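Report on the structure given below.
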Amino acid sequence: MAVSVDRILRWKQTGAPAQPITVLTAWDVMSGQIVDQAGADIVLVGDSLAMVALGYDTTLPLTTEDMVICAKAVRRGVKNALLVVDLPFLSYQTSVEDAIRAAGQMLKIGAQAVKLEGGHDEVVETVRRLVQWGIPVMGHVGLTPQSVNQLGGFRKQGKTPEEGDRILAEAKALEQAGAFCVVLEHIPAELARNITKALSIPTIGIGAGVHCDGQVLVTADVLGLSAWQPPFAKVYANLRQQAVEAAQQFCEEVRSGQYPA
Ligand code: KIV
Ligand code: NA
């Protein structure tokens with residue numbers, strides 16, 4: 001049975017001790033097919049693809065047009081998982097109207113929900129309006145990479161009690177606004193546990209400890225494809241090395257006359 005927003009929303013309200021929600025990213029048809037076939041509950045076309053697939057140093061340069069191309073490719077590869085697409089930097093910050101337009105564009109190409117970063121008053125109001133118009137929203141607090149210039153790097157957030165209280169309040173506000181789940185990125189496990197307890201919608205952690213209702217990682221990190229992985233990522237395969245060796249072997253065999261036989 002294909003995964004729906006409703007199923008994610010009710011995940012922790014069923015009473016039964018539900019298994020954690022699994023979320024993996026994708027950026028093209030192949031990565032989409034791979035994580036869907038692997039049985040991930042949610043496939044996220046994360047704007048991390050700016051770094052993973054397009055070679056930028058941050059997520060900021062990604063445009064809505066770039067995202068549409070990648071999301072359409074992923075859509076063709078995902079049959080079962082819930083498909084969530086990140087709204088790129090500057091596609092939703094400028095006004096509620098721009099946010100509705102950008103989010104609507106993603107739904108038109110087959111996304112089932114969108115993700116926006118932040119939990120301050122403006123983004124909460126935007127989330128409320130999107131949800132009113134039938135556009136499901138995944139929230140994202142803690143380390144929000146689109147604010148890297150203000151955060152001074154991809155650093156752990158919520159380390160002081162004041163910061164922790166603010167992030168908890170943001171997560172609650174996003175729930176109030178109608179978000180169906182919220183990503184907690186790179187915050188202390190204890191804080192993630194408190195937020196997870198305080199919310200009735202699922203929390204999806206990345207570098208946020210074991211107490212979240214689900215976990216997300218960037219698939220290029222999981223597969224060992226990315227040139228660099230953050231310290232909290234677990235690397236389950238070494239595909240970059242294997243790929244280089246396979247390509248090397250091809251070159252050697254052509255040069256030596258072994259291929260084609
Ligand atoms: O862009 C992304 O991959 C993300 C996840 C890491 C949550 O936002
Ligand atoms: Na993202």
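Cβ coordinates are placed from backbone N, Cα and C, and glycine is handled just like the others.
The annotation in TrEMBL ties Asp47, Ser48, Asp86 to 3-methyl-2-oxobutanoate, and of the candidates under consideration, Lys12, Lys115, Lys156, Lys159, the one tied to the same site is Lys115. Rounded to the nearest whole angstrom, the C-alpha distance between Ser48 (3-methyl-2-oxobutanoate binding site) and Glu117 (Mg(2+) binding site) is 13. DSSP gives Lys115 (3-methyl-2-oxobutanoate binding site) a strand state. Here the C-alpha separation of Asp47 (3-methyl-2-oxobutanoate binding site) and Glu117 (Mg(2+) binding site) works out to 11 Å. Long-range Cβ contacts of Lys115 (3-methyl-2-oxobutanoate binding site) within its own chain (separation 6+, distance under 8 Å): Leu44, Gly46, Val84, Val85, Asp86, Leu87, Val137, Met138, Gly139, His140, Val183. Less than 6 Å separates the Cβ from ligand 2 in the case of Asp47, Ser48, Asp86, drawn from the recorded positions Asp47, Ser48, Asp86, Glu117, Glu185 in sequence order. For the pair Glu185 (active site, proton acceptor) and Glu117 (Mg(2+) binding site), the C-alpha distance works out to 10 angstrom.
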